[in-house]
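Listed features, source Swiss-Prot:
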- 137-146: compositional bias 'Low complexity' (COMPBIAS)
- Asn239: N-linked glycosylation site (CARBOHYD)
- Asn498: N-linked glycosylation site (CARBOHYD)
- 38-175: region 'Disordered' (REGION)
- 340-362: region 'Disordered' (REGION)
- 374-396: region 'Disordered' (REGION)
- 559-579: region 'Disordered' (REGION)
- 1-30: signal peptide (SIGNAL)
Amino acid sequence: MIKMRVRFPTLVLLLGIVFLMAVSIGIAYGEKNVIKNHERPQEREQEERDPRQQPRPHHQEEQEREHRREEERDREPSRGRSESEESREEEREQRREPRREREQEQQPQHGRREEEEEWQPRRQRPQSRREEREQEQGSSSSSRRQSGYERREEREQEQEQGSRSDSRRQRNPYYFSSERFQTLYRNRNGQIRVLERFDQRTDRLENLQNYRIVEFQSKPNTLILPKHSDADYILVVLNGSATITIVNPDKRQSYNLENGDALRLPAGTTSYILNPDDNQNLRVVKLAIPINNPGNFYDFYPSSSKDQQSYFSGFSRNTLEATFNTRYEEIQRILLGNEDEQEDDEQRHGQEQSHQDEGVIVRVSKEQVQELRKYAQSSSRKGKPSKSGPFNLRSNKPIYSNKFGNFYEITPNRNPQAQDLDISLTFIEINEGALLLPHYNSKAIFVVLVDEGEGNYELVGIRDQQRQQDEQEVRRYSARLSEGDIFVIPAGHPISINASSNLRLLGFGINADENQRNFLAGSEDNVIRQLDTEVKGLTFPGSTEDVERLIKNQQQSYFANAQPQQQQQREREGRRGRRGHISSILSTLY
């Protein structure tokens with residue numbers, strides 16, 4: 001009994017101790033869960049704020065765990081934890097450790113996943129605030145890119161519309177505006193310009209790579225200094241009058257040239273051109289055929305100026321002294337020029353400007369003009385061109401003529417000067433409101449310059465000649481024409497020219513020997529009209545009678561009224577309007 005009494009208090013004491021331990025364990029475990037539950041939202045919020053944050057070092061996590069253990073020991077009412085509790089805590093930490101490692105392994109891959117999702121459709125999953133912001137930024141950037149594409153498309157459309165309004169000049173390889181000329185020399189007395197190469201913009205004009213167009217203009221009482229060139233020239237005066245002097249080793253010849261006069265100037269021939277008029281400017285156009293290098297030619301001047309050097313300056317001192325049997329200083333002073341001596345001469349002559357300061361186009365006095373024109377010959381106004389002298393493009397009757405225009409032509413077989421060059425010259429006059437009927441040249445390529453007036457032309461070609469024959473597409477090349485413009489008519493390409501004002505055209509025909517001009521409409525020289533009647537019915541969709549009636553409907557040849565049907569329609573509408581006005585007045589009276 002006594003033993004039972006002793007054991008009972010002991011049992012109660014043990015139960016009390018166990019109860020206290022359980023209570024302490026429960027309190028500690030509850031506090032730990034509260035701390036852990038309080039820390040996890042912060043960790044998730046930190047991960048959402050910066051998902052690419054690098055994992056914390058392992059020793060830092062160990063320090064934090066040890067610090068938490070010490071805090072938990074301080075909170076316990078008992079003397080400390082039992083070994084079983086510590087072991088359970090370590091087991092819980094070990095269970096949490098693999099989860100952290102998995103999270104750490106997933107964090108470096110998050111950036112790659114976002115990069116992949118930029119190029120792939122996003123998955124249907126909940127998004128954080130940061131992801132939503134990124135998606136909004138991505139959508140805004142894509143919208144900006146899309147708006148940029150739209151702006152670029154709008155600019156391209158505007159450029160395309162601008163090119164259309166500009167007569168498709170940029171897409172027309174056969175048209176060259178006057179702005180395509182490049183200035184070689186320019187001063188206050190005039191200028192010399194050259195057109196860009198024909199084959200520079202398209203390989204369709206490859207056969208014209210050895211032909212260039214040169215134009216020079218000079219004011220009254222001026223002289224273009226002597227020079228020679230490594231190119232053959234065919235020269236035509238378009239405005240004013242000129243006196244040209246051609247110098248050969250054994251003689252010198254001078255010719256007076258008027259508007260429409262032409263002259264062959266062989267390569268290597270020294271020449272100089274004078275504008276003798278007191279009031280009118282001189283304008284000359286030349287077709288250049290280079291000798292040494294296709295498409296390139298050079299002018300060689302014996303004198304030096306601010307625009308070019310004398311070809312004598314290219315020789316050595318010893319060569320010049322031996323050539324002229326004179327000291328070099330004297331040669332330099334007389335031929336090449338000395339800057340110091342030029343300044344002294346200017347001071348002695350009252351600062352008067354020297355010819356070397358003016359350039360290649362200089363002013364001359366009236367006395368010098370009279371002396372230069374003393375022995376000049378005039379051009380031939382009648383008959384065939386001579387072998388050496390100038391000739392006029394309108395010296396003979398036009399080959400095509402009616403009340404709407406005139407067509408002059410000098411073929412190689414009628415022009416001894418251009419026969420070896422295989423060049424023909426044409427001069428076309430189209431009256432205002434008239435049309436040069438559609439036609440094509442059998443083998444000649446024509447380079448046409450607008451001398452005066454305005455109009456437009458339509459040239460028919462093939463869009464892509466590299467395709468097969470059954471895939472070729474007809475294309476119309478058109479442009480507005482004004483003074484100074486140039487266009488090319490390839491062989492076999494039909495063309496028509498419409499004059500909105502009195503139009504004057506100068507043409508150089510290349511490969512012109514035995515060329516034949518074939519008109520596609522009109523009462524004469526019409527190749528369509530020469531087709532057999534049965535062939536006409538088989539060629540066109542209309543009946544044979546309709547085709548015959550349509551072809552014969554045009555009574556004019558070569559030139560015609562540009563808008564006959566429109567004018568008749570306007571006249572009929574005007575008469576109909578007047579009758580309607582009178583009938584309305586009568587109806588009000590009665």
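Any Cβ shown, glycine's included, is placed from N, Cα and C.
For the pair formed by Asn239 (N-linked glycosylation site) and Asn498 (N-linked glycosylation site), distance between Cα atoms is given as 23 Å, rounded to the nearest Å. For the recorded site, Asn498 (N-linked glycosylation site), the DSSP three-state label reads strand.
DSSP assigns Asn239 (N-linked glycosylation site) to a strand in the three-state reduction.
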